[in-house]
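Have a look at the structure below, then the notes.
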Amino acid sequence: MSLMLEPNPTQIKEERIYAEMGLTDEEFAMVEKILGRLPNYTETGLFSVMWSEHCSYKNSKPVLRKFPTTGERVLQGPGEGAGIVDIGDNQAVVFKMESHNHPSAIEPYQGAATGVGGIIRDVFSMGARPVALLNSLRFGELQSPRVKYLFEEVVAGIAGYGNCIGIPTVGGEVQFDPCYEGNPLVNAMCVGLINHEDIKKGQAHGAGNTVMYVGASTGRDGIHGATFASEELSESSEAKRPAVQVGDPFMEKLLIEACLELIQSDALVGIQDMGAAGLTSSSAEMASKAGMGIEMYLDDVPQRETGMTPYEMMLSESQERMLIVVKKGREQEIVDLFEKYGLAAVTMGKVTEDKMLRLFHKGEMVAEVPADALAEEAPIYHKPSKEAAYFAEFQQMKMETPKIENYKETLFALLQQPTIASKEWVYDQYDYQVRTSTVVTPGSDAAVVRVRGTEKGLAMTTDCNSRYIYLDPEMGGKIAVAEAARNIVCSGGEPLAITDCLNFGNPEKPEIFWQIEKSVDGMSEACRTLQTPVIGGNVSMYNERSGEAVYPTPTVGMVGLVHDLKHVTTQEFKQAGDLVYVIGETKAEFGGSELQKMLHGKIFGQSPSIDLGVELKRQKQVLAAIQAGLVQSAHDVAEGGLAVAISESAIGANGLGATVKLDGEATAALFAESQSRFVITVKRENKEVFEKAVEAIQVGEVTNTNEVTIHNEENEVLLTANVDEMRKAWKGAIPCLLK
């Protein structure tokens, strides 16, 4: 739409054009009051995008305030590009997770690729070098041709971007459930390393300092992407393909190197990624955080399309762009630095004292808005909340143990469930060894990356069992954080902090808002107990298609510190003769389990329960035993129960098996999904020391028979399975479904 054709302020109000942009009548009235006049078309666009849920968190802020966000190691909590945690020796880890769900639903390759690009920029805009990527993915059932297409394209998009940019994709998770059929979830996480003195903030300090635009030129892609992410998907969503951005990983690779060099210069005052809402959010937020204003001359914006209007330039979400503030008079140094990398750096404005965001185009002022009004003063809504109707019904159900005729067949069927099955088809497409710092590659409980120049490592994982959270949001929220910490501990790491990606349906529905509140309550309690504060994250609402919401999926990304790489532990058995221990008791808990879904095609009843005090005690015991060198292998017991955990530890080893004896009712002993459990192996000579240090029950030993045999307490064989056959079933399940 050219400037001549843009509706005037009166038309915007009378024809309710603001509503098409996502503003409500009340919000438009607030804008009018803030400005003391009717906004023009560009100004209406600025407010609509900055006041969207995606940018302002207007529906979720009251809930997010419950998260614990401070701790003795936390250097930067929520509010900047990414959170930062101290790891000693003047070093820190920077990490964040974000969603790119809506774009991936309609343009899966670019949607996933630009999700990766955006999260990388959040990390290096803090001054950190990105060292690892993870992702957490949710899809419908793979039997559906559309789901196959989305799955293949999303994985290809993540691989395409991550591999080209040279940052290893080291871990993550993929789960499949019918509720994600029309609305897949694509959550990307980036982890970076930084020295304390290099930490940078996205703030525009110093009146008279210069505002510069660096990186790729601006096109019309991604206009209103943030608003598109703040509404439900529908049949007409396909028409919003232009709201999906297009990424160029080679450009971003150059941008990383240029920005990391720039950060060493004392000319730099502030730096921020142009992410959701593009130039609008970066300029308004940088000004607002510094208590300053910004003036920008839009004729100077590098444009790759002709005739772009101020509205289009301000709302474009073209990728690989940063906004920086530099000391006045030092602009040429910056231009020269970026030119060396073949990148543009142009002066386009200055910092002012009056807290206003002013935009000029062709000699005229086209917008004048208080920066704080855009960045900080979005209305906050306390949405009505109502317990979901199904919850009381599920809570009252008497939990029945499923009847199983053949335990071996059931184990093989579980190993072939796509959520449990090997994700090798996925991670084989990712370069997880680039930069040669990856110590534990994908496939174990957590990935581990070396901290160069030290004996330390970073353990990292993403976790969320959304079925448990659907059945019981508060309990499920606790479990999501606890399982992430359990995975870090099993890898030899001390859990440090989390980033989260809260994926939910439409918050305007009271039952959905109840899910959000309750799961955040559970997560917050777990974070406090396990001492893993929330240092940042992202909210993705409106994950619905045709009125059907996804399961509540608050994904947890956790990073832990491996104090010495000698402590690194993996899940596979190490040698015959080692003793197998189980930590934690098994109860007949099948609500939301893989077994329940496989047998009934749906989930119901109560989720497994968790006692966070017990969880913490067990994690501390396991970590201390690992650090004391007593543990050969460690694996958390999750989907599919003990039988699956033991099988996975055997599948990962070569030629090894195990003979174990499990007490209690057989189906529960094998397949229940009780929490706070570990499968640990220990050298025979360490038996006494280990048993003094850890409350664990010896259940058997590792053998060189290449078979897993499980007995009941009467010593009757429940199942014997050949490890090669299990490996073949487990590894072949996803490729077979994709044929």
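Glycine is treated like the rest: Cβ placed from N, Cα and C.
Quantities reported herein were computed from a predicted structural model and do not represent experimental measurements.
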Inset, instruction - According to Swiss-Prot, Y57, K96, G537 bind ATP; so which of D25, D500, D521, D564 is the extra one listed there? - result: D500
Inset, instruction - Filter the recorded positions H54, D273, D500, G537, N538 down to the ones within 10 angstroms of R121 (substrate binding site), Cα to Cα, kept in sequence order. - result: D273
Inset, instruction - Write out, in the order they occur in the sequence, the residues of the chain not among Y57, K96, D500, G537 that have a C-beta within 8 Å of the mean position of the C-beta atoms of the recorded ATP site. - result: L64, P78, M97, E98, T499, C501, L502, V534, G536, N538, V539
Legend entry - Residue among binding-site residues D273, E317, N538 with Cα closest to the Cα of Y57 (ATP binding site): N538
Legend entry - C-alpha spacing of Q319 (substrate binding site) relative to D500 (ATP binding site), in angstrom: 23
Legend entry - Mapped DSSP class for N101 (substrate binding site), helix or strand or coil: helix
Inset, instruction - Give me the non-local Cβ neighbours of G537 (ATP binding site): same chain, 6+ apart in sequence, Cβ-Cβ under 8 Å, ordered along the sequence. - result: P78, K96, M97, I498, T499, D500, C501, L502
Inset, instruction - Work out how many Å separate H54 (active site) and N538 (Mg(2+) 1 binding site) at their Cα atoms, rounded off. - result: 8
Legend entry - Alpha-carbon spacing, D122 (Mg(2+) 2 binding site) to E317 (substrate binding site), which is rounded to whole Å: 14
Legend entry - Proximal residue to E317 (substrate binding site) among recorded positions H100, D273, N538 (C-alpha distance): D273
